[in-house]
Amino acid sequence: MSILKIHAREIFDSRGNPTVEVDLYTAKGLFRAAVPSGASTGIYEALELRDNDKTRFMGKGVSKAVEHINKTIAPALVSKKLNVVEQEKIDQLMIEMDGTENKSKFGANAILGVSLAVCKAGAVEKGVPLYRHIADLAGNPEVILPVPAFNVINGGSHAGNKLAMQEFMILPVGASSFREAMRIGAEVYHNLKNVIKEKYGKDATNVGDEGGFAPNILENKEALELLKSAIAKAGYTDQVVIGMDVAASEFYRAGKYDLDFKSPDDASRYITPDQLADLYKSFIKDYPVVSIEDPFDQDDWDAWQKFTATAGIQVVGDDLTVTNPKRIAKAAGEKSCNCLLLKVNQIGSVTESLQACKLAQSNGWGVMVSHRSGETEDTFIADLVVGLCTGQIKTGAPCRSERLAKYNQILRIEEELGSKAKFAGRSFRNPLAK
């Protein structure tokens, strides 16, 4: 079934910034997709095209990306009469039309919007759920429900507090189903709110961009202490583990790291990569920390390699790998990390996202599917994580509707699968291992 019409528009993301939405029509109906946007972005990400017209939306408009879709991409795809199930062919055509390494002509936000809409249309064309269509595209015979990694304490570039490390997450690995994992996550979240309120007052329970709390604490260890206490209060000490996203590129300063980077600059407090690694190891020893994302700067390859070799936990590459097959191949060759963070808008098409995932998995890595801090009500990544069988997803706290939209969609998928539903649980790092 070919594409009859494509129409793009500017809509608003969860931070009140414009983003791209695409409507794609086939004889089967309308298929709509919206593109997310990150705050702490890796320098190697595909280009998100913004207007940079300071008189409009502080320069963050996306009318150029929208125009590229409406005036260039849409007519080309409609005239070619390509079948929407041919995801790779359509993505390839857009990439060739763009002609740049990082999608800077059309913008990754333009290409991705169309790519996501095509994928949704392809599923309906085949008469299967979206997660099944994605599983087919990836060559996966089965599907798996992921462990959710709830970002319940926000710091770094996502929050106005002093905390340097960006995300402190809870993973209910001891749950027996996704629905139970949601309940555990929600109960720990509410206990955490009470713990923070008692210790720091009601003001401290305001939430950050991803629905997590952002109490004004400086010590990263204090965030772990709060989590440990909330998990215990909720009665889930044996069932919940902790993950972190440090986003260390945000506080990398000339070969060292500044754990108080939101205060006036003072080089005397910078610490070395080895000192930072020792700090992480103390966290791993004292708390149930099983996963650390972006522990070092995106170009501090030596520090990554040393840490991954000795930490004994999941080390996730985000800014390091930016969902880019070339960066993933380099990181795999150097054993820099052992898990890929998969963000569709870092690479800018469904096909390349699937390739990045398969490449990571073929190197024995785990894969965690991720939202961005600027999100929409689009739920594509919920189906993506199930179809790709990655076993883990992070899409915020159990708070804020743009986050819950994804979690609720996974609940529906679990219900639809019925007795065939398989939850990753404690095997979240390698859920396909028999």
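Placed from the backbone N, Cα and C atoms, the Cβ positions cover glycine too.
Quantities reported herein were computed from a predicted structural model and do not represent experimental measurements.
Shown in sequence order, N151, N154, H158, E167, H371, S373, G396, A397, R400, R403 are the residues of the chain, 6+ apart in sequence, with a C-beta less than 8 angstroms from the C-beta of E210 (active site, proton donor). As annotated by Swiss-Prot, active site, proton donor applies to E210.
Per Swiss-Prot, the feature active site, proton acceptor maps to K343; the stated evidence is similarity to another entry. Here K343 (active site, proton acceptor) comes close to G38, D318, V322, T323, S370, H371, R372: these same-chain residues lie at least six apart in sequence, with C-beta atoms under 8 angstroms from its C-beta.
Annotation comment: Swiss-Prot describes S40 as Mg(2+) 1 binding site.
The substrate binding site annotation in Swiss-Prot covers H158, E167, E293, D318, S370, H371, R372, S373, K394 and rests on similarity to another entry.
According to Swiss-Prot, the Mg(2+) 2 binding site annotation covers D245, E293, D318. A 10 Å cutoff on Cβ-Cβ distances gives D245 (Mg(2+) 2 binding site) a total of 29 other Cβ atoms nearby, all chains included.
The SUMO2 cross-link annotation in Swiss-Prot covers K202. A helical conformation is recorded for K202 (SUMO2 cross-link) in the three-state DSSP classification. Every protein chain shown contributes to the tally, and the Cβ of K202 (SUMO2 cross-link) ends up with 9 other Cβ atoms within 10 Å.
Positions annotated as N6-acetyllysine by Swiss-Prot: K5 (among others). A C-beta separation below 8 Å, combined with a sequence spacing of at least six in one chain, links K5 (N6-acetyllysine) to D23, L24, Y25, A74, V78.
Summarising the annotation, Swiss-Prot assigns phosphotyrosine to Y44 (among others). Summarising the environment of Y44 (phosphotyrosine), the number of other Cβ atoms within 10 Å of its Cβ, over all protein chains shown, is 17. DSSP gives Y44 (phosphotyrosine) a coil state; it is part of no helix or strand.
Around the Cβ of K126 (N6-acetyllysine), a 10 Å sphere holds 14 further Cβ atoms from the protein chains shown. Positions annotated as N6-acetyllysine by Swiss-Prot, on the basis of similarity to another entry: K126 (among others).
For K193 (N6-acetyllysine), the same-chain residues lying six or more positions away in sequence with a CB closer than 8 A to its CB are T205, F213. What Swiss-Prot records for K193 (among others) is N6-acetyllysine, and it gives similarity to another entry as the kind of evidence.
If you look up Swiss-Prot, you'll see K199 (among others) marked as N6-acetyllysine, on the strength of similarity to another entry.
According to Swiss-Prot, the N6-succinyllysine annotation covers K228 (among others). Annotation for K228 (N6-succinyllysine): spatial neighbours I242, Y287, P288, criterion Cβ-Cβ under 8 Å with sequence separation of six or more. The DSSP secondary structure for K228 (N6-succinyllysine) is helix.
Marked as N6-acetyllysine by Swiss-Prot on the basis of similarity to another entry: K233 (among others). Here K233 (N6-acetyllysine) comes close to N191, N194, V195: these same-chain residues lie at least six apart in sequence, with C-beta atoms under 8 angstroms from its C-beta.
In the three-state DSSP classification, K256 (N6-acetyllysine) falls within a strand. Cβ contacts within 10 Å of K256 (N6-acetyllysine), excluding its own Cβ and spanning all protein chains shown: 17. The annotation N6-acetyllysine is assigned in Swiss-Prot to K256 (among others) on the grounds of similarity to another entry.
The N6-acetyllysine annotation in Swiss-Prot covers K285 (among others) and rests on similarity to another entry. Contacts of K285 (N6-acetyllysine) defined by a Cβ separation under 8 A and a same-chain sequence distance of 6+ are given as none.
For S291 (among others), the entry in Swiss-Prot reads phosphoserine, with the evidence type similarity to another entry. For S291 (phosphoserine), applying a Cβ distance below 8 Å and a minimum sequence separation of six or more within one chain yields A149, M169, L171, V241, I242, G243, M244, I313, Q314, V315, V316, C339, M368.
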Relative to the Cα of K202 (SUMO2 cross-link), which of the recorded positions Y44, K256, E293, K394 has the closest Cα?
K394
For K394 (substrate binding site) and D245 (Mg(2+) 2 binding site), what Cα-Cα distance in Å is obtained after rounding to a whole number?
10
Taking DSSP helix as H, G and I and strand as E and B, the region 'Required for interaction with PLG' (405-434) has 19 helix, 1 strand, 10 coil
Six or more residues beyond either end and a Cβ under 8 Å away: which residues meet both conditions relative to the region 'Required for interaction with PLG' (405-434)?
129, 131, 142-148, 171, 173-179, 181-182, 314, 339, 361, 366, 371, 377-379, 381-383, 385-386, 389-393, 395-396, 398
Reduced DSSP state (H/G/I helix, E/B strand, rest coil) at D318 (Mg(2+) 2 binding site) is coil
I need the CA-to-CA distance for E293 (substrate binding site) versus D245 (Mg(2+) 2 binding site), whole Å please.
4
Rounded to a whole number of Å, the separation of the Cα atoms of K199 (N6-acetyllysine) and K256 (N6-acetyllysine) comes to 32
